[in-house]
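Novice: Have a look at this one before I ask anything.
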Amino acid sequence: MKLKLTVLLILVHASASYKPPAIEVEDYQVQEHDSIGKFVELEEHTRLILKCSAHHNGDLKYNFPSMEGNVGYDENNFKKRMEEYYDDAFGDKVLTLNDVRESDTGTYSCSSMEHSSLNDTIYVFVHRKKVFLPLKSVMIIYKQGEVMVPCKTTKFVDKSDIELYASNVLVKEASKYNYDQRYGFKITKKLYSEKQIVDVNFECRYKKEENQTATYIITEKEASSDDGYHFSWEKGFQWPHVGYNFSLTCNLNYNGSKIFHGYTNKLSIECPQCSHDPGSHVHVDRHRIIGNKISTTVRIQHLELEDSGKYTCIWEHENKETKYTDYHLYVAPKKAQIKVIETSPTIMRIKENRATSLTAKFAIYPFEKESYTAKWSRIYNSSIHEGPQSETIINDDFRKIAATSFGDGAFSENLDIKAFAVSTNMSGTYVLSISHMDTVQVVQWEVAIENDEPDVQITVREPSSFFISNQEYYKPDTNLHIECISISIPPADVVFEYKTKNSEQFQEIEPNKLVSVGGTFDRGLIYNVTFTEGMDLKCSSIRKGNRAITVNKLIKIGEGFEVRPHHEKSSKATESEPSKIIYEGDNVKLTCVFPLDSDDWSVSWRFENSKSSDISSIPTTTETEIKQYSKHLILNLRDVTTSFTGTYTCVVKNEDSEKLLETSIDVKAISKPSITGGNSNAVVIVDYDQYFEINCNMTGTPPPVYQWFKDGNPYTHGDVDGSILRVSRARGEDDGEFHCLATNRAGDKLNSIEVQVNNAPKGSLFFYWFLALLLLISIIAVFLLTCKLRASNRLTKQKDIALNTLYETMIKHQAGPLPEEMKDLPVEERTYYLPYNNDYEIDPVNLEILNPIGSGHFGVVKKGLLGMAYPKSKIESKTRLPVAVKSSTNPFNVELQKMMAEELKVMCAIPKNPNVLALIGAVTKNMRQGQLYIVTEFIDGGNLREFLQAHRNTFINELVEDEHVPVDDSYLVPNSVKKKIYKFDEKLGEGTRLLVEDPDALCTSDLLSIGLQIAKGMAWLADVPCVHRDLACRNVLITKTKIVRIADFGLSKKHTNKTYYRTKKSKDTPLPVRWMPLECIEEFKFTQKSDVWSFGICLYEIFTLGGTPYPNCDTFNVIEFIRNGNRNKQPEYCHDEIYELMKVCWQFNPKDRPTFNDCITFFENHMRDSSSQFLERVENMLHTEMQEQSKLDDWIQDSRPDVPNVSFQKSPKKQKEERYLIVESHA
């Protein structure tokens, strides 16, 4: 038994060892054809890579075609372009042929050096322009016998497209049977009718392209005396079938020059059922001699299936060797037949995204009858579904089916697959089923489509229905059917892993919990599990050492992702309102539901409608609720208006995904009830004791509630149906005026209808007494209203006098000299003594106020256009300067106007500086009518905080860790700590990254420049002196060229009252405590040193790109946090030296803090050390900005000289004035 097993193993090993090698081609489609085998087509100057692999351990070698006769072949050049080596990873012998040439066309083979019989071949076509391969010699001399006309091709062509001409005469039979793309035409005497081939011009032509020909001169040596015989079967009936009377003749022809002796030759036919008996089923005639020809015929009466087989004709000669020729007869079982003539390669291995086509040429019999039908399909095995899967192929965007008729029953079917549809999952067996009458013929192609790397997929299904859900979120105890599938040709190994929330590394799922599956183009693993906790899944596909991976996350959730709208009616709503319609004044609550399982969710709300895409444009509040497996982010919309109409999107994001959950609300505008039909005080005439109805003729939005009154009392004798009062019986008391009161949340409206009841009994005088009383009440009400209006007029007059007094004292009146004891006070604390410079006064005619661009507690800022007060030319008269126009929120509030006037006088007292917002002028003369406008520069970049936040995604960090370890290894500077240094872009040159012109770019050097500019601006204010009191990035403006302006320093004094800077825990009071030192919060003491503290906070905002100070500390705990000695941590983009400056600014004792001049010196030294050109460029830009700022006076003052030889007088302002030049602010 052991001996038998040993022998069996040896045989198995020997069988594997003697398996021939196989050639694969990289990057090109390998095709196969019945006549020439495997082949590949290339264009000239591309690269050919062949890989030869074998199962035995012997050496492999490549054999090359004979190319010496090809035009352009050079042996040395071929060797230079050719490279052979072994692939150590897989043991393959690799042949690389670079820059392939047309002359490289031919058969390449790979064989075992130990067993040369083990080999594999592939024919390589290399095409340039010519279809026929150019040869060095076109004169061919052959010996007696068959001749090859060597019209080889440089690409694979259909045989029927190549024609052979001999002396310009078409050789018709040559193309059908005797052409091979590798060698050319095989010429026999049967094909060529001339007696001898002597210096004949043969020409090969390609029918599909003009001028594609090849010409050869072929000559024949003189034939010997033994030649001249032609022995063959005569062509018989092509469609033999059961019941047909069939005959087949064998001929021997002599065309030689000698005398033919027929008696020396004998022909006979042999077959299993052959007989010389005339009555037999298969009868063979005796041979007949006619001239130089001998023939014998086999005759079969009523063909049967058993007559199929080999029929042999035997030629016997006295002086020659006996010769044989065979004819293979196939008897079809039916008359209707289909024969496949030619197909495109039936085994195909191609690359993805390369167009391909499948073609079959066939003939049908009898073709006079009904035509054929054809059906294309694809059969493949799926790793998911059991059994073979079939797909019927039709014409669509990916595949095209075409049919061609050649006549005489010959046809072709073609399936073209477009390049973008050629993917690995389209592999399989492609089947063409041809039906003709009662016969079916099937042609198959095995198509394997290789991909560069496996396509790995994780699919989650519900097991009972196999419905693909592929969601991330599932409720606990859900049964899941999870597939890890790799779509790959060649096949790849699959690994399925998982990781729970509590584990750090992925680990393989236990094999006994997995089911292995496979198909034509895919392999995979199936994991059936009951979902209990969140997990990460990883599916890996490994092929030739390369790994493709996909990861999926399954999260536990109690509720699905959704937005739930909830609608609460206004307290003013009436019971008649439709419950589902949202009206102005209602409250809406939008609840965004998302998972609790993960902590890295970022959830926010977006809002969009036709007018706005910013949710800050509408007042909202948010709150968060935590459920068992979910979180709820609730957006509260209170007292909604039509501006709330739009789409609300809850944006739920984490590192891997983003979900947009949308809902829309439509807020209907409300309108007070109004009369819509008929007239007020209409008259309705009714008959006593009869039915009548009256219509209120009023409507509103929402639909109002209707109440009816008669003689001042509610009317209770009828039924109210909407706006109609239905009365079943008219009474005498119904005579008179009815009142209808329509009420909704927008208000109410009263309408009166007079009802006249005919034939009613006379009533009492009570009604007239009631009218008299009503008239008396009306007179009293008019008297009271008159008194109230007179009181209101007195109040308005008092405000008018107060505003005029304010103007006289604050603007027009110039106070005396400043007392000595007040000279050291900040400028904002001595505003009474500050003069208002009338040179700043702007004529309202020159100022056009546009849309609002910002607002605060006390003032509102609008964009404006300023015209020149004293233009020197027509162009200047039509030029407009964009400006910012500030006014109070209530122009008739004396206290607010006083604050505005004080701010104006403070700004007048501060000289222009490129880092301080400049005053252009003001409108003060109409303060009595509420017109007090402060006109400043228009800064196009907005406030600094929003600017920094907007550039977070595009920020360029120029701060890196120093790779050099410091020498000093003290406890202050340990070697383990690496310092941060600047690394500016070397391509741009040193320091040139500063203030780049691209507004979308922001880098570390820009942050340094911004910090220096704020220090310069605050130092300028400190020299006035002026204490800002509210320095923060929100109060710093920035231009698109990254020049900053300190703003809102004029109103700072008004915040010293304790209603603004109190520390009471009230969320309704704005408290900038995150920017203030303790002495400001607790003692309300504001100095330049408190501004320095705020400057340090500003630096923190800058280097966190708009971050909030003390981010992990609640607002109400900030004071205690600071008091305990805690400070902000060092920002990521902040240099160590900058952070040291911040900490000095945050010293508890104000005396220990630096001055702003100290801060300027620090920044200049720091920037100078970082870059030799850095500081210089900043100073140059600020100098240019100062020059531009000084030109602002030209817009309101007559300080410029007239234009020479130009006389111009400003025309009166028109209602519609042409403005063809708008000058943007230099900022």
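Note: Cβ is positioned from N, Cα and C throughout, glycine not excepted.
Below are the features listed in Swiss-Prot for this protein:
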type	residues	note
DOMAIN	20-110	domain 'Ig-like C2-type 1'
DISULFID	Cys52-Cys110	disulfide bond
DOMAIN	200-325	domain 'Ig-like C2-type 2'
DISULFID	Cys204-Cys313	disulfide bond
DOMAIN	565-666	domain 'Ig-like C2-type 3'
DISULFID	Cys592-Cys650	disulfide bond
DOMAIN	673-758	domain 'Ig-like C2-type 4'
DISULFID	Cys696-Cys740	disulfide bond
DOMAIN	847-1175	domain 'Protein kinase'
ACT_SITE	Asp1030	active site, proton acceptor
REGION	1194-1227	region 'Disordered'
Novice: Quick one: mean pLDDT on the domain 'Protein kinase' (847-1175)?
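Specialist: Over the domain 'Protein kinase' (847-1175), the predicted model scores a mean pLDDT of 82.
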Novice: For Cys52 (disulfide bond), which residues in the same chain are close in space, meaning a Cβ under 8 Å from its Cβ, but six or more apart along the sequence?
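Specialist: Within the chain, Cys52 (disulfide bond) has Cβ neighbours under 8 Å at Pro21, Ala22, Ile23, Glu24, Leu60, Tyr62, Asp92, Lys93, Val94, Leu95, Cys110, Asp120.
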Novice: Please report the DSSP secondary structure of the residue listed as 'active site, proton acceptor', reduced to three states.
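Specialist: The residue listed as 'active site, proton acceptor' sits in coil per DSSP, no helix or strand.
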Novice: Which of the recorded positions Cys204, Cys313, Cys696, Cys740, Asp1030 has its Cα closest in space to the Cα of Cys650 (disulfide bond)?
Specialist: Asp1030
Novice: Rounded to the nearest Å, what's the C-alpha distance separating Cys592 (disulfide bond) and Asp1030 (active site, proton acceptor)? Just drop the number here, would you?
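Specialist: About 37 Å separates the two Cα atoms.
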Novice: With every protein chain in view, how many other Cβ atoms are within 10 Å of the Cβ of Cys313 (disulfide bond)?
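Specialist: Other Cβ atoms found within 10 Å: 25.
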Novice: Which of the three DSSP states, helix, strand or coil, fits Cys696 (disulfide bond)?
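Specialist: Its secondary structure by DSSP: coil.
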Novice: Give the sequence-ordered list of residues that share a chain with Cys696 (disulfide bond), lie 6 or more positions from it, and have CB atoms under 8 Å from its CB.
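Specialist: Once residues fewer than 6 apart are set aside, Cys696 (disulfide bond) is near Tyr706, Trp708, Ser723, Ile724, Leu725, Cys740, Ala742, Asn751, Ile753.
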Novice: If you draw a 10 Å sphere on the Cβ of Asp1030 (active site, proton acceptor), how many other Cβ atoms land inside?
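Specialist: So the Cβ neighbour count for Asp1030 (active site, proton acceptor) comes to 20.
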Novice: Within 10 angstroms of the C-beta of Cys110 (disulfide bond), what count of other C-beta atoms is obtained when all protein chains are considered?
Specialist: 25
Novice: What does the structure give for the C-alpha distance between Asp1030 (active site, proton acceptor) and Cys313 (disulfide bond)? Integer Å is fine.
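Specialist: Cα-Cα distance, Asp1030 (active site, proton acceptor) to Cys313 (disulfide bond): 117 Å.
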Novice: Tally every other Cβ atom lying within 10 Å of the Cβ atom of Cys650 (disulfide bond).
Specialist: 23
Novice: When you measure from the Cβ of Cys204 (disulfide bond), which residues in the chain that are at least 6 apart have a Cβ under 8 Å away?
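Specialist: Within the chain, Cys204 (disulfide bond) has Cβ neighbours under 8 Å at Phe132, Val149, Cys151, Ile162, Glu163, Leu164, Tyr165, Gly184, Phe185, Thr213, Ala214, Thr215, Tyr216.
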Novice: Just give the helix, strand and coil counts over the domain 'Ig-like C2-type 2' (200-325), going by DSSP.
Specialist: 6 helix, 66 strand, 54 coil
Novice: Using DSSP, what is the helix/strand/coil residue split across the domain 'Ig-like C2-type 1' (20-110)?
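Specialist: So the domain 'Ig-like C2-type 1' (20-110) is made up of 10 helix, 41 strand, 40 coil.
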Novice: Per DSSP, how many helix, strand and coil residues does the domain 'Ig-like C2-type 4' (673-758) have?
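Specialist: Summed over the domain 'Ig-like C2-type 4' (673-758), the classes give 3 helix, 53 strand, 30 coil.
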